[in-house]
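Here's the structure we're looking at; comments come further down.
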């Protein structure tokens, strides 16, 4: 589902300022998507479905019985036209289907990546209750950001975005039109109670545990590690995951612009990517 559109007059003003060389005067935009975790058993009826026109969604109250009339058990909510990721029937598909990880990346990640590559700040924030699927959507099964065993179609949003970033870096490196060379720096930090902890700082050791540890740091003090290759960036995320006290994994389960990907659960774990144009 998309948030309300930016007023036309602000969009026109932004275009006018940009035409005048306004630098970073582009109007920011927030787009909101709702991903509904499917039912676990095929025998269960889906609680959320999308109308055939794709303009609304139907939510059935799980407290009602199967014999409750739809007029009393189902509520109708309007969504943006075409707002159902993966098509109008995505949420009504059988268990295990519906919107795929690729669909999510194409819809949620595309706008943020394009905005970021244009030289503006961009953020992707996952918010929801425990078990809603935030970690799965962002990182894949069991938050495995760097595991060869993860099938390509199960990869989360973060590894997919990183792959596209390196495609852009490679394209710039091979361009013959004088495009600037690009390089990527990776930072990772998390919130532990009242402290912000740099997960890639040299003094950090194996994570785990609860409260403090690691000490606090200011927002400008985060270590940014150069990642020449995609494998380097994924390895850095895996290192941050091991050191994190909040990024839990259940068994079995300088001149740049930052792009943040955060998980808003008990605390925020934030990988920050900074793209630098080499001069």
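In case you wondered, yes, glycine gets a Cβ from its N, Cα and C as well.
Taken from TrEMBL, the feature ATP binding site covers 128, 129, 130, 131, 132, 133, 134, 135. Positions annotated as domain 'Kinesin motor' by TrEMBL: 29-279.
Counting neighbouring Cβ atoms within 10 Å of each of the binding-site residues (128, 131, 133), the lowest count belongs to 131. Highest local Cβ density among the binding-site residues 129, 130, 135 belongs to 135, counted as other Cβ atoms within 10 Å over all protein chains shown. Ranked by how many other Cβ atoms sit within 10 Å of their Cβ, the binding-site residues 132, 134 place 132 at the bottom. The domain 'Kinesin motor' (29-279) scores a mean pLDDT of 74 in the predicted structure. Following the DSSP three-state reduction, the secondary structure of residue 133 (ATP binding site) is coil.
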